[in-house]
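See structure below.
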Amino acid sequence: MSFDAIFAPLSEPMVFGTFIGIVVASLAVVIGLTYFKKWGWLYSEWLTTVDHKRIGVMYIFVAIIMLFRGGVDALLMRAQTAIPENGLLNSAHYNEIFTTHGLLMILFVAMPFVIGLMNVAVPLQIGARDVAFPRLNLLSFWLTVAGAILINVSFIFGGSPNAGWTGYFPLSGPEYNPGVGNNYYAWSIQISGFGTLMTGINFITTIMKMRAPGMTLMKMPMFTWSILITSLIITCAFPVITVTMAMMTLDRQFGTKFFAMSDGGMDMLYANLFWVWGHPEVYIVILPAFGIFSEVIATFSRKNLFGYGSMVAAMVVISTLAFLVWAHHFYTMGHGVLTNGVFSITTMLIAVPTGVKIFNWLLTMRHGKISFTTPMLYALGFIPIFTIGGVTGVMLAMASADYQYHNTLFLVAHFHYVLIPGTVFALFAGYHYWWPLIWGFRLNEKLGKAAFWVMAISFNVAFFPMFILGLDGYARRMYTYSAATGYGPLSMVSFIGALGLAVSFILVAYNIYYSFRYAKREGSDPWDARSLEWCVHTPAPNYNFAVIPTVTRLDEFWFAKKEGRDLQAGKIEDIHMPNNSQSAFWQGIAMTAWGFFFVWAEWIPAAIFLVITLAFMLYRSFQKDDGYHIHVAEIEETERRYDENGGLRGAK
Amino acid sequence: MAELFPKEHVVGFIGSLVLTFAALSVVWLDVSMVVGMIILLVTALIQAAVQLMLFMHIGETDDKVDIWVATLFAFGIGIVTIIGSLLAMVWGY
Ligand code: HEM
Ligand SMILES: [Cu+2]
């Protein structure tokens, strides 16, 4: 690990400038925290907390920061391709940027945002006080951060991965990619993947074991259902990527030949394994979105969800089909008609349950009293845009036609037409919708709606031209093109759209500042919602429910409101709570360091940090920590203070 | 005393060691590819069963139906993935 190799990327002015920017920003944070004496508060209230709501907030915070990092990547790409023969980025730099863009957006924006929202909402929706394994939950978070740190430091220390977010062999193998870049790729996915897998297990257990009395599976809110299914897919899919990344590391750093083109290796095996995980992964980020929209659409149509049973059935079918379609990502790698035929059919089948859900949402809105709040706007925008994404997906699903579309901008347009309305819109809908649960006030609606309109319009300006360019043969991941291709004008349109998207994300972020400053505190249940999470006081107390409610039907809270019942009436008892966990935080740091030194093949420090990691696990295995109790007097006092400020829980 | 002795764990522990060495023997024994694969597959399946039943005690609690359904689901996904991969890379290539 020579000094020169580590800092080689800094010789590029753009990288150097960014590096200086990061140093200055970090210094500002450090100085700010020191000046306001906030280190202790940060450490004990946030970094080591096991409260699911706070862990959720931290996940979403990370996701938003990463959204800006990934967004800068996107802007740079569109700026480079806005005009023919542009010289803003050279080809090597462009390769790194589209690779980190994809990786960041899927693994460090969509995933933490989804996991953040499920942390915030699921325990409250099922009437629980926390997740089943609160400390494991915190460790999952820190492992996600570890992965995010590794991928983000790569561009300064040694160079970023550059073989696409899919990291196909042989391009990402040691022969064609001797630097450390793709080691970062493997370790970043590997370590954050451990965290995600543990989250999946944690939430399956939470939802199966910790529901309020009376809440049978078919009385669960739809978002909780979607998270149960998502967690099941996570638990079945993530081990595949763990093994694949381990094999990649062995090939790259230890000379094995699993994916090599020689010595009995098979490069196609990598693409196969990647998509065995990769396709379920796209469903992992879309199913929670379906759950969020179900909640939002029902709430703001003032109606119960149309076809609850068929919604659940559709998701169960999707959970199986999601595992049966992966080869549609490499139809063109040379398999025969039989194989492509089988995978074409399974792929088209997925559109059926997805279509069922779209009709259910439309019928939920029919005859409803619709209020056009920010979350609802996102839901309304989602339906038509996502439908375009789905229809183009079915076009791609036809293997013979895909020979034309594959790896062109048409494909890029397809997946952005599903991922942006599906995932980004949904995450923002959920984020605006559940914000008051945590903070006790709503985000500003005017700014929220403005951001939505800018986002929805710019999105189409940025991505619709890509369908046309793709049909004209514009291959994806090209760093430039000649003027003679005629791609120039539409590429410029797309760049303008990308700028608009950036503006909309800035508006979303500005809204945080604006609302903290000017929004008025509100009582519980500001949206007049239907499900159990809204029967707690807002901002939700750390114990969530003073008394665990009993559930008799779907949308229990809604009916309780109508009948003037208090769901938390009953005798208050001592509440058993878990203690904070310092070891989860430090283990996350140790694993970041372990990953970093492994990337650089510095075996002695890597071994030291591996031992430290194992020591933390050993310590945890023998640790006796029974948590603590919040006593009745204290709970009553807290509840009384809420009642003075906010009126009866949830009652309007 | 007899009920204090963790018989299942000891049987499981020794069993899993034996199975591991049985699988490892493929490296040293001079067997054909087919025989080697069969040894690996059979030991892997028994190993999984040992882990699930003797260590993780699935089937001993009230929610055993849920657990078996989930396990079979995962098993089914695994089988389908293997068949699909063979289809994509060997049979249908
Ligand atoms: C109606 C449902 C869908 C169908 C039929 C479908 C079909 C396809 C097909 C056939 C491809 C491969 C095309 C090619 O490489 O030439 C593809 C790529 C892709 N799809 Fe979809 N899709 C659907 C929904 C989704 C959803 C819901 C998401 C994510 C939320 C998604 C994300 C992606 C991504 C990320 C890729 C490209 C990955 C890459 O190569 O980098 N798709 N889709
Ligand atoms: Cu797919």
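Note that Cβ sites are derived from N, Cα and C of the backbone, with glycine treated the same way.
Annotated features, as they stand in TrEMBL:
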TRANSMEM  A:15-36  transmembrane segment
DOMAIN    A:35-552  domain 'Cytochrome oxidase subunit I profile'
TRANSMEM  A:97-124  transmembrane segment
TRANSMEM  A:136-157  transmembrane segment
TRANSMEM  A:184-204  transmembrane segment
TRANSMEM  A:225-248  transmembrane segment
TRANSMEM  A:305-329  transmembrane segment
TRANSMEM  A:341-363  transmembrane segment
TRANSMEM  A:375-398  transmembrane segment
TRANSMEM  A:418-438  transmembrane segment
TRANSMEM  A:450-471  transmembrane segment
TRANSMEM  A:491-513  transmembrane segment
TRANSMEM  A:593-619  transmembrane segment
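Residues 290, 293-294, 297, 305-307, 310-311, 313-315, 317-318, 321-322, 324-328, 331, 379, 383, 386-387, 390, 393-394, 397-399 of the same chain lie 6+ residues outside the transmembrane segment (A:341-363) yet bring a C-beta within less than 8 angstroms of a C-beta in it. Within the chain, the transmembrane segment (A:305-329) has long-range Cβ neighbours (under 8 A, six or more residues past its boundaries) at 218, 222, 225-226, 229, 232-233, 236-237, 271-272, 275-276, 278-280, 283, 287, 290, 294, 297-298, 335, 339-340, 343-344, 346-347, 349-350, 352-354, 356-357, 360-361, 363-364, 366, 396-397, 399, 402, 554. Distant neighbours of the transmembrane segment (A:15-36): 9, 42, 155-156; these residues of the same chain sit at least 6 beyond its ends, with a Cβ under 8 Å from one of its Cβ atoms. Where the transmembrane segment (A:375-398) meets the stretches A:136-157, A:184-204, A:418-438, the count of C-beta pairs under 8 angstroms peaks at A:418-438. In the predicted model, the domain 'Cytochrome oxidase subunit I profile' (A:35-552) shows an average pLDDT of 93. Of the recorded ranges A:97-124, A:136-157, A:184-204, A:418-438, A:450-471, the transmembrane segment (A:225-248) has the largest number of C-beta contacts under 8 angstroms with A:184-204.
Below 8 A, the CB atoms of the transmembrane segment (A:184-204) and the transmembrane segment (A:136-157) form 3+ pairs separated by six or more positions in the chain. Same-chain residues lying 6 or more positions outside the transmembrane segment (A:491-513) and placing a CB less than 8 Å from one of its CB atoms are 64, 67-68, 71, 74-75, 78-79, 81-83, 428, 443-444, 447-448, 450-452, 454-455, 457-463, 465-466, 469. Relative to the transmembrane segment (A:136-157), the listed stretch A:97-124 leads the set A:97-124, A:418-438, A:450-471, A:593-619 in CB pairs under 8 A.
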